[in-house]
Every structure is written in structure tokens, then in C-alpha cells.
Amino acid sequence: MLSLPVLPDHFTFPRVLPAAAPLHLVAQLHALLLKLGFHAHTQSLNALLAAYLASARPDFASRVFRGGGSARTILDVVSWTTMVGGLCKLGLVDDAREVFDGMPERNLISWNAMVSGYVKAGRFLDALEVFDEMRAQGVDGNGSVAASAVVACTGAGALAPGREVHRWVERSGIEMDEKLATAVVDMYCKCGSVDEARRVFEALPAKGLTSWNCMIGGFAVHGRCGDAVELFGRMESEGVAPDDVTLVNVLTACAHAGMVGEGRHYFDYIVRRYGVEPKMEHYGCMVDLYGRAGLLDEAKKVIDEMPMEPDVGVLGALFGACKIHGEVDLGEAIGWRVIELDPQNSGRYVLLANLLAGAGRWEDVAKVRRLMDERDVSKEAGLSVIEVDGEVCEFRCGGLCHPLAEEVYTMAKDMMRRIAAEGYVPDTRDVLHDIADEEKETPLLYHSEKLAIAFGLLCSRPGDTMRITKNLRVCRDCHEATKFVSRVFEREIVVRDRNRFHHFKDGKCSCKDYWG
């Protein structure tokens, strides 16, 4: 076109800039845009901002955006929203928030860009804060912003806000399409209320494969294998063929419930009947299924006969099983292999050190810890989040920065004293110190889960439900202590750890102690 020559007009740049992926082409078009005097054309400027952000050059986009003079006067809501969305996609959410806060006007797309940006960055509470501000200003939502808010509640493990978002969707008349409905089902499952998830699922007029998978997976992580298998049967009867995700969920359900025979059956059946090709994660599920049940030879056989080299996840499942069942020799061999495959994961070192400590091999424990120091690997601190009256509070292992810190510590000590009087005995097997058992009990008191429970006891009454989310797997001692707390203090305590949910009530856990 230029060679004819035909000069571009104000329609040209908004159409050609999105196609200019390489940075040098964007820069050339920018120069031509200036040369031809279209720098004061809003749509051309917006396309230029988007092109620089798509080329991962937020610095150039910011120079154009903050260009001063005439450039500032022609910015519209699309210009501002383009900057917010583009910066969020590049992970620069704080810079995006600064732009967002300075917007002279906002539309629904602007709000959704900021909410979804925080969600993608894993800053779920910030996302909910922006969402609440949007609603407070009376902005009508849509399915996209609703889905982002629901995902934020899921990530934060915040059931009360999740319920409120769900009610808001229903009041607002927003269409509950499959994507949004699946997000709501997933939220209830991952926030510990699988029965509410089921009610939403059953109310769906049409259920796609994603919805079925989400509900089956929800039952799986709550240890409700019977419900998961029953739902899988319903899914088949309604003519919905399973996929590789379905297979993972069914196998996970069987593994959490210790149903080895059923897991073996469904692996063979789904692969043969529906032609689902087993992938790495499916073999990992089978290793986990056998390993949790103590069938370590069967688990090792799965690894030896896999058609591909096992990854760190598959080997890690066998490694964890060795720790559960005290198989030191095999566990040590697999443990060193896992560490070399995943050298920056502190959990691998800790698990190996715990395995060796349980065998009293303190010199080898010290060797593991020295290797961590040499590789500058820090142990991931335990973090527990508890929801109280719709507010989410964080507690970290070993320390407490909270306005009620003194009261929480006092309650934690009283809690441990009262459950000890009822028969609780601290499980010190995983405390990594070659010291007397009595001295090992003190570090256990400051585990993040116990601090969160103590805070929950301060803020609740008998009969209430406390919901806690952990970043790590629940330890043996916290699991046993929480069972006692649920009975002595008459609370239902729902704990979501890295692997699954535990529902504690009347001194029992939904996992039936099959949780390792």
C-alpha cells in the first residue's frame, strides 16, 4: 500500500498494529504514525499501547501513555483499560493498580481487568477488595467478572465471600453458563462445602464434561469415593464420555479412600472402554493408590513398567508412601533421586530428613540439612488461613503477628492442656531434633494450624464450623490434636491441606485416619 503510494488514514493503524508482533515492526509503525500526524488519534494511540504491551515493553507503553500534552488529552477509558489489562498480563499488578486508581472513569471491562489481574497473580484478597468496591459503586456485573470473583474466593479458601458472590450472581440475573457454574461448583468444593457444590451441580439444566469432572473431583478431594464413583456412573448413563481428567479424579477418589481394587478396575476399564491414553499423572495416581495402601512392591512395579520415564511427581508419590510406611531403604534411594530432579523444592529434603530421623540416623539427617544450606534451599514455612465472620486471617508456623497474639498463645496452651487431659499424646516423630521427646513438644505448639484453631476457638461458639486452609500437608500431630479439639471444644473443623480435605467432628476425621 505504501509503495503505490497510498497513504494510511486514521482507520489504518488500529488495524495493522495488532498484527505487528515483533517489536521492531511496532516501533516502525509508531514512527510512521508520528510522521503522518496520527499521534492525536485516540484509536491509533490505543492500538499502539496494546502493541507495545503485547511485545512485553511496558516501559515504551508507559512513555506513550504518560506522554503529556496532547497525548494525555485524547486518552479515553479504553486507553486506561488497555494499560491496566496489559500490565496485569505482564505480572505488573501493582503498576496496573496505580493506573487503575488514577482512572477518571471506569467501565465494567476496567473493573474486570483489575479483578482478573489480581486473580492471575494469586492475590485473591486484593481481587475481592476490588470486586467489593465495584459492587459498592453500583456497577452492574457480567459473567466474566463474576467468574473472576468466584475464582478469587476459591483461591483464598473464603466460603462466606464465595456464598455472597453466588447470591449476587443470582440477584443480578447473570446467566449461569457452564463456565460460571463450574467455577461456582469448584469454589464450594475447594472451600469445604461439597454438599453446596452438589446442589449447584444438580440444578444445572445441562451438564457438560467440565461440570461432571469438577463435581467428581470435588468428591475425590473430600474422600467421598462412593459419591465420586456413583456420579461417574451417572455421567456414563447420560452419554457423556470420560476423558483423562475424569480418570485422574476417579483414581484420586479411590486412592484417598484406600479402595485399591476399585482403582485398579477403573484404570483398566476407562482406558480400555473409552480409549483414554494413560499419561504421567495417571501412573502417578496408581503409584499413590498402591503406596498409600502399603503395597510398595505394586507401586514400584507400576513405575518399572511405565512406557515413559517417571517424573518427579510419580517418584514423589512412592517416596511419600515410603515415609508413611517407614520403608527406609527404598525411601532413601528414591528420596535422593527426587531431590536431584527437584533440587529447589524444600519439601523433598524435609521428607527425606523426616524418614531418616524416624530411623534415628541423625548424621544422615545433618547431611540432608547441610545440602539444603549449600543449595540455599529454605524450608517452606507452614501457613494456615482461617475464615472468621467472612474475614480471612493468616497464621504462620513459629511466629505470630496479630493484634490478639497474646490471647491466641494463651488459648493454644489451654487448648493443648485440655486435650492432653482427654488422652491426647503429642506425636513427635517428625520433629527434626535429636533431643528428648518432652522438648520436642514445644515446637508442635506453634504449628500454624494449631494457632489458627486457637484463634477460631476465641471467635466461635460450640456447634460452630471452623474452616482452615493450609499450604502444606497436615502433619500427624496436628491431625491427631484436631480430632481431640473437635470433641473437647464441640466444633466442626474443616481443614483443606495440600492434598485433600479433612472434616473433623466429635473426635473423628472424614479420612478415617487414611490420610498420609
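Heads up, the Cβ atoms here are built off N, Cα and C, so glycines get one too.
Where the annotation comes from TrEMBL, it is an automatic prediction and has not been curated.
Marked as domain 'DYW' by TrEMBL: 423-515.
Feature annotation from TrEMBL assigns repeat 'PPR' to 76-106 (among others). Mean model confidence for the repeat 'PPR' (76-106) is a pLDDT of 95.
Among the features that TrEMBL reports, repeat 'PPR' is placed at 107-141 (among others). Under DSSP, residues within the repeat 'PPR' (107-141) fall into helix, strand and coil as 26 helix, 0 strand, 9 coil.
Residues or ranges marked as repeat 'PPR' in TrEMBL: 177-207 (among others). Mapped onto DSSP helix, strand and coil, the repeat 'PPR' (177-207) counts 23 helix, 0 strand, 8 coil.
Beyond its flanks by at least six residues, the repeat 'PPR' (208-242) meets 178-179, 181-182, 185-186, 188-190, 194, 197-198, 201, 248-250, 252-254, 256-257, 259, 262, 266, 270, 274, 276, 499-501, 503, 510-511 of its own chain at Cβ-Cβ distances under 8 Å. Sequence annotations record features per position, and here TrEMBL assigns repeat 'PPR' to 208-242 (among others).
As a summary of secondary structure, the domain 'DYW' (423-515) carries 33 helix, 18 strand, 42 coil according to DSSP.
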